[in-house]
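Feature annotations, reproduced from Swiss-Prot:
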{"type": "BINDING", "residues": "Glu549", "note": "L-isoleucyl-5'-AMP binding site"}
{"type": "BINDING", "residues": "Lys593", "note": "ATP binding site"}
{"type": "BINDING", "residues": "Cys881, Cys884, Cys901, Cys904", "note": "Zn(2+) binding site"}
{"type": "MOTIF", "residues": "57-67", "note": "motif ''HIGH' region'"}
{"type": "MOTIF", "residues": "590-594", "note": "motif ''KMSKS' region'"}
Amino acid sequence: MDYKETLNLPQTNFQMKANLVQKEPNMLKYWEEKEIYKKTLETREGAPTYLLHDGPPYANGDIHLGTAMNKILKDFVTRYKTMRGYRVPYVPGWDTHGLPIEHRVTTTLGEEAKKKSPVEIRKLCKEFALKYVDIQREEFKRLGVKGDWEHPYITLTPDYEYHILDVFKTLVENGNVYRGNKPVYWCPTCRTALAEAEIEYHDHESPSIYVKFQMVDQPDTYVVIWTTTPWTIPANVAIALHPEYEYLKIKVGNEYWIVADGLLQKFASETGIEFQVTEKFLGKTLEGKLTKHPLYDRTSVIVLADYVTLEDGTGCVHTAPGHGEEDYQTGLKYNLPILSPVDDEGKFTKEAGKYEGLKIWDANKVVVEDLEKAGALIKFGKISHSYPHCWRCKGPVMFRATPQWFISVNKNNLRGKVLEQIKKVKWYPSWGENRITAMVQERPDWTISRQRVWGVPIPAVKCKSCDEVTLDPKVIEHFANIVKEKGTDAWFELDIKELIPSDFSCPKCGSKEFEKTYDTLDVWIDSGCSWEAVIRSKGEKFPVDLYLEGDDQHRGWFQSSIFLATAKTGNAPFKTVVTHGFIKDEQGRKMSKSLGNVIDPMEIVNKYGADILRLWVASTDFFDNIRVGKNIIEQQVEVYRKLRNTLRYLLSNLYDFTENDILPYEKLLPLDKWALGRLQKYIEQVTQYYEEFEYSKVYNATVKYCTTELSSIYLDILKDRLYVEAKDSIYRRSAQTVLYYILEALIKILAPIMPFTAEEAYQESPLKKYESVHLENWPEVRKEFINENLLEEFQQLLLVRDDVLKALENARSSDVIGHSLDAHVKIEPKNSEIGQLLEKYADMLEDFFIVSKVSILNELSDGINGQLVTVLVEHAEGQKCQRCWKYHPDTGKDENHPETCPRCSAVLRGERK
């Protein structure tokens with residue numbers, strides 16, 4: 001007889017081979033057709049809302065691994081919180097104005113760009129941005145990210161632009177916006193001012209020069225300065241000393257030079273001079289003394305400043321208020337001229353005299369030559385240092401004094417209020433709080449004007465009579481209402497008379513004749529107003545629960561958002577902020593095209609499936625920088641296989657089981673009670689990890705649970721009961737009851753991380769109550785299933801099992817047995833407690849060790865010495881049962897089932913229930 005036909009062999013349509021690349025698009029279609037996202041909101045109508053507000057990616061290219069990881073992490077949060085019973089609306093957004101897009105458009109146009117009107121350029125920028133919104137939307141959807149993809153927020157829409165202007169109006173009303181001629185970061189390539197958040201630091205080689213300035217009242221004495229920007233020497237008007245530092249007058253040849261005591265040795269070693277110290281004095285004694293400018297017929301005054309350090313140079317700081325923030329502040333204090341003889345393209349203007357028309361970087365060489373001719377150059381060298389570059393064109397930037405609009409961070413104690421709000425926010429990781437606090441404490445006023453056309457216009461008007469430039473809340477409000485209908489193109493298309501209220505007049509001279517100005521707002525204001533445009537104005541929960549972005553946003557979106565929200569509402573826009581690190585390659589190097597180590601997330605998705613990419617994201621300690629490469633992804637494929645096989649085992653052994661077959665806890669066998677208790681501990685543990693955004697711990701706990709506790713122990717032990725015992729017997733139903741609970745928990749716990757695979761398993765499972773697993777509720781910890789005493793006993797039994805497995809392996813390698821079912825295991829406990837425990841559970845030990853017979857003896861003459869027991873393995877007596885493969889002395893005694901053991905023959909006779 002073929003006894004295989006009498007076994008309860010596994011059955012399922014859930015295949016071992018995942019075929020994710022083929023299946024996932026069909027799953028997306030299913031979710032869309034069934035409107036699953038919409039139903040997650042409808043089924044939780046009236047429940048508390050959890051709001052994760054999406055930081056908008058920039059719409060100027062395909063998604064990269066960083067943006068993919070960011071969206072996947074957000075999806076972990078929203079799916080988990082939905083299953084916890086919250087109403088979780090998720091509105092994705094895109095940042096669509098600004099220099100990067102305009103730069104791409106004008107670069108593509110080349111010379112043609114100069115022939116285009118602002119409106120034509122803006123139209124092309126809009127088309128470009130919306131094209132990439134559509135591309136990125138499809139890519140994000142393919143990753144399995146759920147949300148309101150048909151109604152995203154896009155910063156170029158009239159409604160959104162209206163709210164930008166509305167927030168801006170509040171800042172103007174409060175007096176936080178002012179116009180000033182201040183040095184700002186300026187990109188000569190892109191020809192615009194840049195904010196701090198638009199600056200990147202890269203290594204850059206600069207000239208390094210020591211220059212001497214002759215004292216007017218002591219012609220043989222010189223003050224020595226050091227600079228890495230010789231091109232700024234034409235704008236020098238002062239030399240700054242620290243009031244409390246000690247300075248030395250040293251004799252070099254026939255001259256006397258002044259340098260700081262703390263930098264003398266370094267200076268002497270770099271210049272190779274021989275010197276003799278002749279005098280010592282504090283910096284403040286030289287305040288107000290005049291020196292001769294080495295290139296022009298004018299003087300440079302000695303001033304005092306606390307920012308002078310003893311790190312580099314001479315302690316005598318070259319000061320050009322038109323080319324540096326600290327220099328500028330010193331210039332204001334001493335009423336110095338603000339010289340900035342450089343135009344938008346980084347070329348010297350006629351104010352620079354002989355240097356007119358030279359680009360500043362080319363001027364470095366000429367200025368150095370002129371200093372040498374004038375006898376003022378002490379030493380020329382080169383230095384490689386970290387230097388500010390433009391985020392868009394990657395070129396070096398300069399500080400340049402130009403008329404710009406600023407937000408004062410100190411007016412109305414805005415900085416102080418923001419610092420107070422930062423303390424109220426929960427930061428993950430916790431060091432995020434210190435980081436943003438330090439940045440806010442040190443940040444300068446915010447340069448908000450851009451000399452570009454692709455952005456929200458600053459509705460400032462210039463009086464034709466007196467040239468006064470005015471930014472008035474009434475004009476902003478009037479323009480904002482036009483924008484609501486027509487968008488910000490209106491500023492470029494409509495006549496000035498339509499753009500301002502009819503009764504508006506110049507506050508300085510009373511004239512009613514104006515012309516437009518054409519600066520646009522910093523794009524960080526656009527995204528920084530999203531809490532108002534997307535959340536607060538729509539009546540959604542404010543402050544929102546969570547912002548989750550890369551840790552570069554401490555100086556970007558987090559900061560722009562908290563400043564603008566605090567200014568308008570008095571509150572931070574978020575309760576919690578989570579940040580992730582940056583993606584590196586397997587060697588820890590930054591990803592770059594030049595290194596050839598860039599990984600396209602869609603390549604991973606198209607080769608392996610989105611669930612593999614998502615599993616990789618879950619595996620990372622994302623709070624820090626994250627490594628990825630081909631080998632790391634391949635490792636996730638292996639892990640995925642193990643998780644999938646666990647699900648397959650569970651599904652394939654529940655094909656004939658429904659909720660009605662569940663046994664009450666008291667009827668379960670001890671091993672099943674242990675497994676059910678362990679399941680509760682696992683649920684409790686991973687739920688806590690999900691709450692704390694510790695997805696790598698969810699991943700590690702789940703992989704360990706599936707591969708160690710389930711596959712290697714519980715599921716392995718169960719095979720005999722599931723396949724061999726009678727279909728409806730307590731032995732099988734007890735096991736199936738726990739498998740049902742495990743499957744239910746595991747599918748739900750995996751659903752936020754692997755939504756496609758969890759859905760596939762759910763659709764094949766006896767659990768299915770809804771159209772989708774993503775409409776299910778989170779598994780609850782059922783305390784009544786936790787018997788601590790039993791769990792402790794099984795902890796001891798598992799240690800005994802380890803001893804037995806080692807002995808079985810030894811017996812296998814010695815050819816005593818082939819399979820563990822060939823074994824008769826004799827056990828001598830090392831103490832009475834273990835002995836009593838083994839006697840208590842004697843009935844289940846054969847299954848527990850997967851052997852044919854177990855004997856507990858007081859003494860063994862031979863055996864393997866283990867941790868808790870001594871184990872002797874012998875070949876089991878009797879014949880091998882052809883149905884269950886166990887050995888038994890009475891196998892073959894049933895005439896109707898001659899090749900079976902007593903247990904199997906009882907099952908076949910229908911007597912074992």
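Counting begins at 1 with the first residue displayed.
Yeah, the Cβs are placed from backbone N, Cα and C, and that goes for glycine too.
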Same chain, outside the motif ''HIGH' region' (57-67) by at least 6, Cβ under 8 Å from its Cβ: which residues?
94-96, 98, 100-101, 104, 128-130, 132-133, 135-136, 139-140, 154, 550, 582-583, 591, 598-602, 628
Given the binding-site residues Cys881, Cys884, Cys901, Cys904, find the one whose Cα is closest in space to the Cα of Glu549 (L-isoleucyl-5'-AMP binding site).
Cys884
Could you work out which of the binding-site residues (Cys884, Cys901, Cys904) has its C-beta surrounded by the smallest number of other C-beta atoms within 10 A?
Cys884
Determine which residues of this chain, when Cys881, Cys884, Cys901, Cys904 are set aside, have a Cβ within 8 Å of the centroid of the Zn(2+) site's Cβ atoms, and list them as they appear in the sequence.
Val724, Gln882, Arg883, Trp885, Lys886, His888, Thr891, Thr900, Pro902, Arg903, Ser905
Relative to the Cβ of Cys881 (Zn(2+) binding site), which residues of the same chain, six or more apart in sequence, are found under 8 Å away?
Tyr887, His888, Thr891, Glu899, Thr900, Cys901, Arg903, Cys904
Per DSSP, what is the helix/strand/coil residue tally across the motif ''HIGH' region' (57-67)?
3 helix, 1 strand, 7 coil
Three-state secondary structure, Cys884 (Zn(2+) binding site) (per DSSP):
coil
When DSSP states are folded down to helix, strand and coil, where does Cys901 (Zn(2+) binding site) land?
coil
In three-state DSSP terms, the structure that Glu549 (L-isoleucyl-5'-AMP binding site) belongs to
strand
Across the whole of the motif ''KMSKS' region' (590-594), what does the mean pLDDT come to? Round it, please.
72
Using a 10 Å cut-off, grab the number of neighbouring Cβ atoms around the Cβ of Glu549 (L-isoleucyl-5'-AMP binding site), all chains included.
21
